[in-house]
Structures are given as C-alpha cells and as structure tokens.
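Participant: Just lifted these from Swiss-Prot, have a look:
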BINDING   G126, T127, H128, G129, K130, T131, T132  ATP binding site
Amino acid sequence: MNTQQLAKLRSIVPEMRRVRHIHFVGIGGAGMGGIAEVLANEGYQISGSDLAPNPVTQQLMNLGATIYFNHRPENVRDASVVVVSSAISADNPEIVAAHEARIPVIRRAEMLAELMRFRHGIAIAGTHGKTTTTAMVSSIYAEAGLDPTFVNGGLVKAAGVHARLGHGRYLIAEADESDASFLHLQPMVAIVTNIEADHMDTYQGDFENLKQTFINFLHNLPFYGRAVMCVDDPVIRELLPRVGRQTTTYGFSEDADVRVEDYQQIGPQGHFTLLRQDKEPMRVTLNAPGRHNALNAAAAVAVATEEGIDDEAILRALESFQGTGRRFDFLGEFPLEPVNGKSGTAMLVDDYGHHPTEVDATIKAARAGWPDKNLVMLFQPHRFTRTRDLYDDFANVLTQVDTLLMLEVYPAGEAPIPGADSRSLCRTIRGRGKIDPILVPDPAQVAEMLAPVLTGNDLILVQGAGNIGKIARSLAEIKLKPQTPEEEQHD
C-alpha cells in the first residue's frame, strides 16, 4: 500500500486504516465481489475463496487479489478481518479457523456499511428491481459528473463491472433484504421499490416481521434523510404512515409525488412523462422495456431531482441506459434455417427474474414490445421453498407464454420438497388447459428440445436465477443450433 493510497484510506474510513488484509469467503458472488473490488481499488490487500472461477473472480485477480478455489483454514492466515456471504455455513473451515484465531468475522453488509459510513449513502431496497434501479441511479450520477462509488448485485453493463470506486462523495448500493443484513446500513437516502413475501425463511414465515424489518431499515436514515417509496405497491402504501422520515412517493398512482403517465413501449424502449412537484413535466425516453422499468426510472429521477441534478443529465442517462447483466439482456437474433430448416429468426433474451412478479413483468415487457412474436420461455425454478410457497402464482404466470420449456428446480443447496418440483408444476400448468409445458430433464438437451418449437418469428425468454444464465450464453454461442456428438466433442 503506497503513501497516497493510505492517505486516501484515512480520509475516507479513519478507523479502518488499522485493517490491511481483508479476506472474503464466497468472493465469487456479485455482491461480495463488488465490495472486494472497491476495497481493492482503495488499496487494501484482498484475498478470497470460492468453489469455482467466474468473471467476478477473474476481475479481482486482475486487480491483484489472491483467490483460492477451495475452502481451507490456511486461506485466512494473516487476515485482519473475514467477510462472509450469507450463503456460507458457520461450519465452513475458514470461518472456524478465523474464530479460533480471533479474527473478526463479519457479514457483507457490515463491510458495505463501513464503506458508506463516511460517504453520502444511497441504498436501494425492495423485493424486485433493486439491481436495475441501482444501475439507473449510478448512471445518472455519473452522467452529472458526480463520479459516484457504486456497489451493485448485477453487472452494470455501461461500466462492465458490478462495482466501481469513484472519487465523489456518493456511494450508491443495492441493499439486500434476503438475510435482513441491510439493517447494518445507515444511508442518507433509501429507495424501496416494493415489498412481497420472499426469503420468508429469514423472517420465520411471518410477513409482518418482514414488513417491520423494512420499517426498521428506513428508520436507520437520519431524521434529515429521505425515503423514496413506490406508492403503487399496496404494502408500501400500507406502511407509509409508519415511516417516521421524510418521504417522496413515486408510481403511476395519481397521488404519487413523482408520477408516471402516458407510458408507451416501442420495442426495447419505454416512453413516458414524469410529473414532479414544482417542476416542469419531464418527457423520458428510457432504454429499457416494461412498465416496471419506468417505475425504476421514476425512483432514480426522484432521488436525482432531490439532489438538484440537472434534468438534461437525467434524460441523457436514461436514454443511453445500457441496463444490467441478465435483466432483459438481449443476446442476439439468429436465423432458424441452420436450427430447424425454417425461414425467419428467433430473438434470444436472458432474464434473471425468478419470482412470479418478476416473471410476469418480463412477459408483459416482451408482449408490449414485440406483440406479434411467438413467445417461448425456458424457465428454471429457483429453490424448492420458493416453488412451494409461490406454486399457484408460478402456475398462473407461466401460462401466459405461447410455449413453455421447464428445467428441473435449481436447488441452491436445498433438499427436494415433494410436490414442489418441476414435473409437478408442469402437470398443474397442463391441467389448466392453456399450454402444454415441456419438461427438460437434462440441461444438455435444451437446444435439441427447443429447436422443434421455434416458428421463425420467435422471442425466446431464458428465465431464472440458477445456472440458467450459462445455458442462455451457451445457446447464443451455438446460435440455437443443436449440436452433433462430433461438435460437442470438439467443444
């Protein structure tokens, strides 16, 4: 660490100058890797462990981090602090070794809180839309020349990274409610996009507990801070009287402080007007499809307007917005002649949405932008508990596509639950009589089973949060064409 870097550390986080070496367990996750990247750029010695390399670990290695693709006690040797992902169990050998060596073990959000402590923090929370809204706020602040630091849960495509260290006073961060760790954060501004029943194991299956946790998060704001909340969401509307902080509401609702109206989608772009109190109407072109993204943009505009950012900078940022990785991510349009002998093409879109509300929003955006397309979805349910808890909602939403192919549930470490598997879900959907789902038992069969259902005027949505993103990229690489054994062997 050189003198200039050390001086910068002392100016930003005075007490953390005592920390030199920070070790991350589960460093390959987007949220963990983003914080590690910011700290690496601040001059800290970074090490970390994960089970397999990925683009996040490669980026960190490029910055000089030491990455171990195993979990061993010796990996934490000489660390000043160990940061742990919520996905890591307490009996992990590195965690055990850290405790034995009296090395502090903290959660990701605690380290994020330290980064935020001496900056103007803007935290984006909510069940859906956090990642995209974080990217929108970051893009606006960057366009305005404010050079923010950002830490996002997904790839910010314009920057090519999940996180970036800026020289300005702002830190814009996605706040994760999945393990309630966002309660460690003490931002100046907090956005809450919506609140639905998800990650209920964290909240003992009690939705009231989840709602109160969001209130507690907002009460971490100073009395002069501001909560920016989507009034279209019925739970948020219910909670507003309990928020003891200054609030700005946004939404399509007539009583919203920042109101979206005249929404129209043309292809991948949304066009709408934003009405703000004591401001001229703002006519927005947003380079992201769907009414849900208009709401995300309204949240970002509400924050930027409160900060006094120029309207022209806001509009430029939204019109040129490049989106985030795996959020309605266009991977290409491919001719079908080599795939199944038909004329025409198929568009391929990759999307991370894995909750029924998110899947519904993606389908609606696809229908609005490309109403004449044959809509084909390849869906991978994520977690048996989520499939069980939201079973009927999934069955209702998934009947809206023209053709549905379904992979087995991605377990994310969970044990199977009878009746919450993909075969059962396909059977239920089939029984409703609208579509006949196709179960794909082996991911290696996706291209082979997809090809016959394509018509030549298709939009393929590859949907889910497990390893299905890799399948989407693989489909793009082979241009949807099923591979012969010889071609697979060559690959």
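Using the three backbone atoms N, Cα and C, a Cβ is placed for every residue, glycine included.
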Participant: Under 8 Å between C-beta atoms and at least six apart in sequence, can you list the same-chain neighbours of T132 (ATP binding site), or say none if there are none?
Facilitator: G154, A288, N293, N296, G323, T324, R327
Participant: Sorted by position, what residues of the same chain at least six away from H128 (ATP binding site) have a C-beta under 8 A from it?
Facilitator: T193, N194, E196, H292, G353, H355, T357, E358, A361
Participant: Using a 10 Å radius around its CB, how many other CB atoms surround G126 (ATP binding site)?
Facilitator: 24
Participant: In DSSP terms, helix, strand or coil for K130 (ATP binding site)?
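Facilitator: DSSP call for K130 (ATP binding site): helix.
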Participant: Tell me the Cβ neighbour count for T127 (ATP binding site), meaning other Cβ atoms within 10 Å of its Cβ, over all protein chains shown.
Facilitator: 22
Participant: Tell me the Cβ neighbour count for T131 (ATP binding site), meaning other Cβ atoms within 10 Å of its Cβ, over all protein chains shown.
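Facilitator: The answer is 25 other Cβ atoms.
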Participant: Within 8 Å of the Cβ centroid of the ATP site residues G126, T127, H128, G129, K130, T131, T132, which other residues of the same chain have their Cβ?
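Facilitator: Residues close to the ATP site, other than G126, T127, H128, G129, K130, T131, T132: I124, T133, T193, N194, N296.
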